Amino acid sequence: MATKEKLQCLKDFHKDILKPSPGKSPGTRPEDEADGKPPQREKWSSKIDFVLSVAGGFVGLGNVWRFPYLCYKNGGGAFLIPYFIFLFGSGLPVFFLEVIIGQYTSEGGITCWEKICPLFSGIGYASIVIVSLLNVYYIVILAWATYYLFHSFQKDLPWAHCNHSWNTPQCMEDTLRRNESHWVSLSTANFTSPVIEFWERNVLSLSSGIDNPGSLKWDLALCLLLVWLVCFFCIWKGVRSTGKVVYFTATFPFAMLLVLLVRGLTLPGAGEGIKFYLYPDISRLGDPQVWIDAGTQIFFSYAICLGAMTSLGSYNKYKYNSYRDCMLLGCLNSGTSFVSGFAIFSILGFMAQEQGVDIADVAESGPGLAFIAYPKAVTMMPLPTFWSILFFIMLLLLGLDSQFVEVEGQITSLVDLYPSFLRKGYRREIFIAILCSISYLLGLTMVTEGGMYVFQLFDYYAASGVCLLWVAFFECFVIAWIYGGDNLYDGIEDMIGYRPGPWMKYSWAVITPALCVGCFVFSLVKYVPLTYNKVYRYPDWAIGLGWGLALSSMLCIPLVIVILLCRTEGPLRVRIKYLITPREPNRWAVEREGATPFHSRVTLMNGALMKPSHVIVETMM
């Protein structure tokens, strides 16, 4: 088919099936207009709404507490080499791919794949399982941050001293630790920090293991409820509310991060901390774990393979130049991660100098940085209350907009599955309330005395890098080798007016799948069972449960393939050919070949069948 004819075919296809009718919101279906139903899908009121929503969605806690630690751990500046390879080879291509197919189809994370390639619609279901599990445990971090924030409004921070009911006789304040004449006569093995005791004995009330859940922590349960209520009211009116909330939640954290950066750089010992953060160790590049960490960090920080970016893109206008903004947002995301390292390690360098220890002894990642290392650091600064409040507000806002953007993506994907039912009246709002309530109840298991063990189990398995790599591989495979990268480029040209450089197309076809397969295999080879604090070993049943969480998403893709092939009658070759067609071919021609047409929820065009340009599909045509 000539290029001009193929492009015209794409334009006609989008005008008839995907493009919104005049005066209607994107995604409004003809049958709903005939019935006099209200518009089914909103659109962003301005471009900045989309930009800030995406920025809020993927600039989150991982940028502040995970990237700097991984950079220090994996060779300092040398870590940037694998990081940028994965960034340009997989992160940006998959990020743009998810946004653009959402914009092109005006559908959420599940139904967009039903339009593009019904046989692989399990990609959308896998994404929704991952993001549903992620939404249950990610918000628990915000509950902890809320708890710390409430306790920060005191003249003396409660984790700075040992005179509280939760402290043990072994508790020793850091002021005594810094008194060398007193400290040399004591054994460090017998004493603990008040910061650690506040975290483990007051916040968590940590039990002996996951098989000993203990009682519910009502203070944390109330904090969790508060955060879920805030999340609900941020998204309950759809993009009309989300697009306005992000004006504050996505911008204010950058201002606070800048303040913390300036403060950190002015502290004594900051230079040593930054040197420790960036000093390159090229020899570390020979360790496969360094490359695994780089790959998984890219997928985590760009919030890809969760369906959220596709859902956000589905609210764009058809002619919106999302390619340009996706590249700018990528620079913002990775730049934030890099700058956060200066803010964090300058303060860790100050801590190390104040305590007279090596920086490696105070460097932490994840909750250890947010709830142990940094709270300890602020107790050593002038005006500790002010810096504590500032830090935990920043954490809350960074995490909150990521949370409600991911929940919005989850809601959009599910509502698009059943639009005729869930978009009537206030059913969408009721559905959001039900979904948030279920997630809250599941999250209560993580605010018990054994909740930290459950939290780590979800974090290690449910939304692991292995799951994300699995989904990313199939996304790129379907677009590049079944739908056709050139065909999608034709659609992109129709939307934004020009074709992106070949880098994206080649990444979808070769580079991203190769990186995903390599990282996936090495992740399985280097796998070690989960432990807590490198001491507590999870029982076998808990490890099995963790793998069950991981497989619950990964198995969606092959299961949907099997189910659809079984539901479609006819020779296997004809069934596969029909199910990989991005629109409904002529019904009579298909039935003549002995296949029963696949009945998707999506209404597809009869007749015109655009022939994909790749060999794998052409051999079946």
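Glycine too: its Cβ is placed from the backbone N, Cα and C atoms.
Features as listed in Swiss-Prot:
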type	residues	note
CARBOHYD	N163	N-linked glycosylation site
CARBOHYD	N179	N-linked glycosylation site
CARBOHYD	N190	N-linked glycosylation site
MOD_RES	S322	phosphoserine
REGION	1-42	region 'Disordered'
TOPO_DOM	144-215	topological domain 'Extracellular'
TRANSMEM	50-70	transmembrane segment
TRANSMEM	77-97	transmembrane segment
TRANSMEM	123-143	transmembrane segment
TRANSMEM	216-236	transmembrane segment
TRANSMEM	245-265	transmembrane segment
TRANSMEM	290-310	transmembrane segment
TRANSMEM	332-352	transmembrane segment
TRANSMEM	380-400	transmembrane segment
TRANSMEM	430-450	transmembrane segment
TRANSMEM	465-485	transmembrane segment
TRANSMEM	508-528	transmembrane segment
TRANSMEM	545-565	transmembrane segment
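When each of 380-400, 430-450, 508-528 is scored by its Cβ pairs under 8 Å to the transmembrane segment (123-143), the top-ranked stretch turns out to be 430-450. No contact links the transmembrane segment (77-97) to the transmembrane segment (545-565), because fewer than 3 Cβ pairs that are 6 or more residues apart lie under 8 A. Between the alpha carbons (Cα) of N163 (N-linked glycosylation site) and S322 (phosphoserine) lies a span of roughly 56 Å. The list of residues near the transmembrane segment (216-236) in space but at least 6 beyond its ends in sequence, with Cβ under 8 angstroms from a Cβ of it, reads 139-140, 142-144, 146-147, 150, 203-205, 242, 245, 249, 400, 403-404, 407-408, 411, 429, 432-433, 436, 439-440, 443-444, 447-449, 451.
Two recorded stretches are said to be in contact when at least 3 C-beta pairs lie under 8 angstroms, sequence spacing 6 or more; the transmembrane segment (465-485) and the transmembrane segment (50-70) fall short of this definition.
Outside the transmembrane segment (332-352) by six or more residues, the chain places 55, 58-59, 62-65, 67-68, 71-72, 83, 87, 254, 257, 260-261, 263-265, 267-274, 276-278, 301-302, 358-359, 361-363, 369, 373-374, 376-377, 380 with a CB less than 8 A from a CB of the stretch.
Here the listed stretches are 50-70, 245-265, 290-310, 430-450, 508-528, and the one with the most C-beta pairs under 8 angstroms to the transmembrane segment (380-400) is 245-265. Of the two recorded stretches, the transmembrane segment (50-70) does not lie close to the transmembrane segment (508-528), with fewer than three CB pairs under 8 Å once pairs fewer than 6 apart in sequence are set aside. Residues 132, 135-137, 139-140, 143, 204-207, 209-217, 220-221, 224-225, 228, 231-232, 235-236, 407, 410-411, 414-415, 422, 458 of the same chain lie 6 or more positions beyond the ends of the transmembrane segment (430-450) yet place their CB under 8 Å from a CB of it. The predicted model assigns the topological domain 'Extracellular' (144-215) a mean pLDDT of 82.
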